[in-house]
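Participant: Take a look at this one; I'll ask things after.
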Amino acid sequence: MSSFAVRFLAPPCCPTSRSKTLLCATPTAAPAAPEAVEASRLEPRVEERDGYWVLKEEHRGGISPQEKVKLEKDPMKLFMEGGIEDLAKMSLEEIESSKHTKDDIDVRLKWLGLFHRRKHHYGRFMMRLKLPNGVTTSAQTRYLASVIRKYGKDGCADVTTRQNWQIRGVVLPDVPEILKGLADVGLTSLQSGMDNVRNPVGNPLAGIDPDEIVDTRPYNNLLSQFITANSLGNPAMSNLPRKWNVCVVGSHDLFEHPHINDLAYMPANNKDGRFGFNLLVGGFFSAKRCAEAIPLDAWVSADDVIPVCKAILETYRDLGFRGNRQKTRMMWLIDELGIEVFRSEVEKRMAGKQLERAQEDLVKKQWERRDYLGVHPQKQEGLSYVGIHIPVGRIQADEMDELAHLADEYGSGELRLTVEQNIIIPNVDNSKLEALLKEALLKDRFSPEPSLLMKTLVACTGNQFCGQAIIETKERALKVTEEVERQVAVTRPVRMHWTGCPNTCGQVQVADIGFMGCMARDENGKATEGVDIFLGGRIGSDSHLAELYQKGVPCKNLVPIVVDILVKHFGAVQRNREEGED
């Protein structure tokens, strides 16, 4: 076994399904291997120098501005060599006077999970945490609440589409103290932004799900520990060509959205009955291209989850393109090399091990995705979990404190975050359910039984805080949905996602109805906030990316269009007709 190996019990065998291979909503085969790949193309473009990985000089032509910033000073030095302490002592005027330190706060600090909100909240930062599998404790939640509370109206938190916390309002002088506080409660923000591996996603019901295939928490904890070297910093994995997403699938529901990750571990038994994972690779969203993950045609045992992740990351780090940032995600490398050459490069980096070919998936293809909101029995007798709705993921300090209190009072002091920006309270004794459901926070704000359109509503940060967002998203998503609900009734949830710009942090391509921010023209030809509407995204084993339905719709004209879409495509009924029939 490798130093990263770990043994887990194999789950019982389940009916199988094969993953679909899709690209930009159109079925496609995996990229074919080119007739030949020149040996020189397979020479690593990076090398290790003094503990950090840098781009070789012969490959520095035509690189992106971000790569030039990394060459000037490795961003990990701000953490690993104490640079953040010195930076935090400088005034913003001092920082702005030097290009070097200005690049620190606008680019390099993203390696520490700190994003300067220069455009809308100058001098303030969003901090993104690492929260493997979306599991957080009451102590962690209280600490984060204490951080944002001191920033008043500028301070708030978001549950993200990667089962993660983001906190807002942070100012630079406070960062060293905040980092120490995070470490004290077992959290880190390290390597959570820019060209790093993002938060490892898993089944939000891991370990409590009566129908789970495998508990994803140990794997995601190992992945996070490996990526960050146990929160000490891992420069070998922090100079990737671009960001990189990973998930471990543990449920038939595919709550983890494997088809949109750079690496997805799909549970599978090999021909000898050993438990492990088939691998999907290359899924990503960007402003110019969206692609679903494709099979690597490889199976690894549970012991090799970390070694194969390391090998794939090293392949991407060593060979990936570092020019135009719109063409630097891992799928572009797979396209260039072909899947078999890419696979062979991964195998080269597996310390002499050979990758087995893919085996039969354990995920049931014919499976109706379950609703985790509300009260549900756990696999543990006498216990239940309660899924609660966090409207578009936004949460304030007092609400975080109250959630921490509820987790302690009624559960086991734990909360689970989901990719739909909601929260689950696990391990609630059935004798306490009635009292929990009567709590004011669940009655007034975070309902376990939201409306069918609200329960799956997702929205990115929007231009309230994000400088790249074209439109405001969170409040608008709520208001449009409320107005639509007054006009029509639906018989099933319809997943509506909002994203403020083409970077699609709100993941509109996986939504039933997606709204992507743009500038539009109103009836008078005046520029106004608008959206491009996407339709038909599917999740689960029958995954499919949404397709463009209508471009440039002014936001003020959205409600009747959404009503029409719901009636024509989702079986909604006009409320006035419904009332008349009654």
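In case you wondered, yes, glycine gets a Cβ from its N, Cα and C as well.
TrEMBL lists these features:
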DOMAIN    118-184  domain 'Nitrite/Sulfite reductase ferredoxin-like'
DOMAIN    194-351  domain 'Nitrite/sulphite reductase 4Fe-4S'
DOMAIN    376-440  domain 'Nitrite/Sulfite reductase ferredoxin-like'
DOMAIN    456-566  domain 'Nitrite/sulphite reductase 4Fe-4S'
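Provide an account of the burial state, proximal residues and distances for the features listed.
Facilitator: Per-residue pLDDT, averaged along the domain 'Nitrite/Sulfite reductase ferredoxin-like' (118-184), amounts to 97 for this model.
Under DSSP, the residues of the domain 'Nitrite/Sulfite reductase ferredoxin-like' (376-440) split into helix, strand and coil as follows: 26 helix, 21 strand, 18 coil.
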Participant: How many helix, strand and coil residues does the domain 'Nitrite/sulphite reductase 4Fe-4S' (456-566) contain under DSSP?
Facilitator: 29 helix, 36 strand, 46 coil
Participant: Helix, strand, coil residue numbers for the domain 'Nitrite/Sulfite reductase ferredoxin-like' (118-184) per DSSP?
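Facilitator: Helix, strand, coil within the domain 'Nitrite/Sulfite reductase ferredoxin-like' (118-184): 31 helix, 20 strand, 16 coil.
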